[in-house]
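For reference, the structure I am asking about is given below.
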Amino acid sequence: NPYTGLVSHLRASWLSGKTRPLEYRVAQLEALGRFLDDKKQEILEATELDMGKPSFEAFFSEILLCKNELNVTLNNLCQWMKDEHVDKNLVMQLDSAFIRKDPYGVVLIIAPWNYPIHLFLVPLIGAIAAGNCAIIKPSEISKNTERLVAETLSCYLDNDCFAVVTGGVPETTRLLENKFDYIFFTGSPPVGRIVMTAAAKHLTPVTLELGGKNPCYVSDTCDVTNVARRVVWGRFFNAGQTCIAPDYLLCTVEMQEKLMPALREAITEFFGPNPRESPDFGRIVSDKQFRRIRALLSSGRVALGGQTDEAERYIAPTVLADVQPSDPAMQEEIFGPILPIILIANVDEAIDFINARPRPLAVYAFSCDSKVVNQVLERTSSGGFCGNDTMMHVTLTSLPFGGIGNSGLGKYHGKFTFDTFSHHRGCLHRNMGLETLNSPRYPPYTQQKLGLLTSTFEVKRRGTCTLL
């Protein structure tokens, strides 16, 4: 296997204890900050070449949010690394019981192409913070960004502990044959199953950040203009190539009639009368993805947009009406600038529609009535939830980000990333003396010993409490 030597080299570095001191972790994290500062312009240029990503969107998603994660980690790492002391029973009052946050060892981070800096860097921040060595596998589809990462990241990080591996499916397949101590994968559910199968051979724990069809319910009581602006922003950011973008709208026929002109107005406001000429609207990443997304335009009726240009890999911001659940656009995650509208009679039917499908990465609900938003929250299940907006929940490092069921396994962002890459090791350090306290547990057993053992170890239930 071509990667066995590399994995072994990193494992030797980890076993040496090099990555464990706080000072080492901080130095590597600060180096990542310099990478973002020094290579800012090159990152903006590479993402523009790969998918026509507007510099505003690239700076916000690939640099600013990464810097936020980095600074939150640097501000809190000393506290996160401390042993967490826990409650003890009567017998162990003089002993030390604590949770030690140990690194896993050598971890593998496989990143996707849609946010090619953010989605390798944020996991890497947590992996370094937790004291691991890491191999980073950027996506070969966003080839300009892949080249930038491969050629420059090694200039900032310790090459004995961190490495970048490039290539496509064959290289990733061979890489996954090696034993890692943790694998963090972001991508599609089908590839997630392949990664999990490879990890199972070595009993390697995984985090899978996958996608899904994120529903967006719009009630009859809402500010239509605000809904349209927030939905258009979330759906067409990065030309729709976002795993948490609203994938389809659920609303009544009356709301659709009000929403359609508001969506048209929002699209024109954001991207002008011809979005193809807008500097603020991106392109599809590859010819393969372009053809896949274009085929979905046959679903329902094109109510807004629908223009395409294969040479530019351009697909206009598009809204589809009269879409049926059996249409192609409802059979897969769209991952492009197309927004289908599904008609439902009421909120109960919308909730039933959501619950009849695999659990998504995000559920969105819009209503001026907070009871309606809470009803959707309480009666559905998803990786995350956002009421009266789209995608903004992902910008808070204080919230866990991750999927459930078909949309993923595990969570990260902020301290959750540190915890994901840390083994929480339960530890008890007892006193060598005071042997009399231990005698009730030793044979020969008697009823008197059992009574003593029960009185010192038993946990009694407190009075009942009521959740308000």
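Keep in mind that glycine also has a Cβ here, set from the backbone N, Cα and C atoms.
What you see is a predicted model, and the numbers here were worked out from it, not measured in a lab.
Sharing the record's features from TrEMBL:
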type	residues	note
ACT_SITE	GLU209	active site
ACT_SITE	CYS243	active site
DOMAIN	19-422	domain 'Aldehyde dehydrogenase'
In Å, rounded, how far does the Cα of CYS243 (active site) sit from the Cα of GLU209 (active site)?
9
Only counting partners 6 or more residues apart, tell me which same-chain residues put their Cβ under 8 Å from the Cβ of GLU209 (active site).
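GLU209 (active site) has long-range Cβ partners LEU119, PHE184, PHE185, THR186, GLY187, CYS243, PHE401, GLY402, GLY403, GLY408, GLY410, TYR412.
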Please work out the mean pLDDT for the residues of the domain 'Aldehyde dehydrogenase' (19-422).
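Averaged over the domain 'Aldehyde dehydrogenase' (19-422), per-residue pLDDT gives 97.
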